[in-house]
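Colleague: What follows is a structure written as structure tokens; I'll ask about it next.
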């Protein structure tokens, strides 16, 4: 399998037009101490550029930037011997230009482009015929060269090597593993709190949203929608990208609010509420601090939306909003069984491989649909990028940093999909009281899978479908732990997560499962929840007794008023009358 994947990767690389950045060193012909570097785009299939500047000779730049060099009539009487030819782009192919330049003795060809730089491509026969480098230079950079140095300059073309490993991978690793661990822990604990005693309700905004259980039908519909949306983005990227940006702003601000709300509710100030009114949402009289939090979250999202293309700092806001969105989704979406986890991960595993490795054979350009959409099509007129990724700029210093500010990317799907399995493992840990062994093992497996992804990225030097490595690592690890503990059957079916209240490490071993809401009537409790298998302890009875709360004037008839141990509460069976 490994050999087949490597062969497929090599085939894909061969099918694409090679494209690399290089550096043009410009030196003044009158003063050799004055120099400046400029970015160029070249195709190494014509000829490779040396990596070391010290091994490159400075050559005179022959300025024919007003000529397109498409016929022998464009070749000057004095040839290009020991010179770098500078010509304009257009009217003929790159091959025709470089063939004429090489025939006239040029040691290299620079093509000035007023449009976006594209790889100077050709075919295999043409590559074998040409032995001099071909590179594109932007018209803006050429104007800067003439302004600074004049038209008499010496130049050298080279392609400095970049470090194989960049430190930004460490940042992405910490963000991804941290999000999965925190999100999985939060999602599991969120389910437990529904069965634990609650503090006095301070207002309507105190209530938390219920988790959404994912069914196999929902999984299939979701994957079909993903495929459909990805294909639409591939063909209509420039129109749909703004829709995705708008959705991200809305969803990320909601996620940020959900993450910060528990901390804001603990603040001792701004607890006043809005006056009585009939306005939507405001009729619930939210607290002033929650309104301020909502305003803050919307402001952060809007600021990112306005300045999203500021490479120097906008990526920090994007990552912050992205992590908040992922945490919110991990808390909200719940996979009820390991069977559902396996189905989702395997289907998306196939989806990821298909759109990364198979689609290059189906598209005219020979490019992967997934990579094109994730990084933005090269022919996009908007040059916008999809925000559904964590992105960190390269931290290693390199001369090539003047060409672009390259980012390393990790899609939200590579966090959310394994994260849902981690969340399920935490809930199962709580149910079987296993000291979180499933949760810890699955989180470690995710981290190891991500490390394998980074290694593959370094070795293959191209984008990797992270789920190709994350899905086997997390699924096999979780299954192995279940087999080792002889709990595979219960782990596979979830053992009634949706029905039974979990026995948590924080509850007494022989104690009861507390009701969902203090003081609720018997008719509100499902018959399947045996609420009173054993008496409440004195501490729990006191905490659950509204009569002992000086702020609550309503006393519950189900709680003793003398502080003694509460008596068991009778359970009404559906087939008998009370």
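Positions of Cβ are set from backbone N, Cα and C atoms, glycine also.
Keep in mind the model is a prediction, meaning the values are calculated, not measured.
So Swiss-Prot has the following annotated:
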- 20-168: topological domain 'Lumenal' (TOPO_DOM)
- 91: N-linked glycosylation site (CARBOHYD)
- 123: N-linked glycosylation site (CARBOHYD)
- 190-216: topological domain 'Cytoplasmic' (TOPO_DOM)
- 261-286: topological domain 'Cytoplasmic' (TOPO_DOM)
- 308-312: topological domain 'Lumenal' (TOPO_DOM)
- 334-341: topological domain 'Cytoplasmic' (TOPO_DOM)
- 363-405: topological domain 'Lumenal' (TOPO_DOM)
- 427-438: topological domain 'Cytoplasmic' (TOPO_DOM)
- 460-463: topological domain 'Lumenal' (TOPO_DOM)
- 485-578: topological domain 'Cytoplasmic' (TOPO_DOM)
- 502-578: region 'Disordered' (REGION)
- 520-529: compositional bias 'Low complexity' (COMPBIAS)
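Could you place the listed features in the three-dimensional structure?
Modeller: Taking all protein chains in view, 12 other C-beta atoms sit within 10 angstroms of the C-beta of residue 91 (N-linked glycosylation site).
Residue 123 (N-linked glycosylation site) falls within neither a helix nor a strand when secondary structure is assigned with DSSP, and so counts as coil. Sequence-distant neighbours of residue 123 (N-linked glycosylation site) (same chain, six or more apart, CB under 8 Å from its CB) are absent.
Same-chain residues lying 6 or more positions outside the topological domain 'Lumenal' (308-312) and placing a CB less than 8 Å from one of its CB atoms are 245, 318, 384, 387, 393, 405, 407.
Packing against the topological domain 'Cytoplasmic' (334-341) from elsewhere in the chain are residues 187, 191, 211-216, 219, 420-421, 423-424, 427-428, 475, 478-479, 482, 491-494, 497-498: each is 6 or more residues past its ends and has a CB under 8 Å from a CB in it.
For the topological domain 'Lumenal' (363-405), the DSSP counts in helix, strand and coil order read 11 helix, 5 strand, 27 coil.
In the predicted model, the topological domain 'Cytoplasmic' (427-438) shows an average pLDDT of 88.
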Colleague: For the topological domain 'Lumenal' (460-463), what are the DSSP-based totals of helix, strand and coil residues?
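Modeller: Going by DSSP assignments, the topological domain 'Lumenal' (460-463) contains 1 helix, 0 strand, 3 coil.
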Colleague: Per DSSP, what is the helix/strand/coil residue tally across the topological domain 'Cytoplasmic' (334-341)?
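Modeller: Breakdown, helix to coil: 4 helix, 1 strand, 3 coil.
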Colleague: Residues sitting near the topological domain 'Lumenal' (363-405): Cβ under 8 Å, six or more positions beyond its termini, same chain?
Modeller: 12, 15-16, 21-23, 37-39, 41, 118, 160, 162-163, 166-168, 171-172, 175-176, 230-231, 233-234, 237-238, 241-242, 244-245, 248, 308-309, 311, 315, 318-319, 322-323, 352, 355-357, 411-413, 415, 463, 465
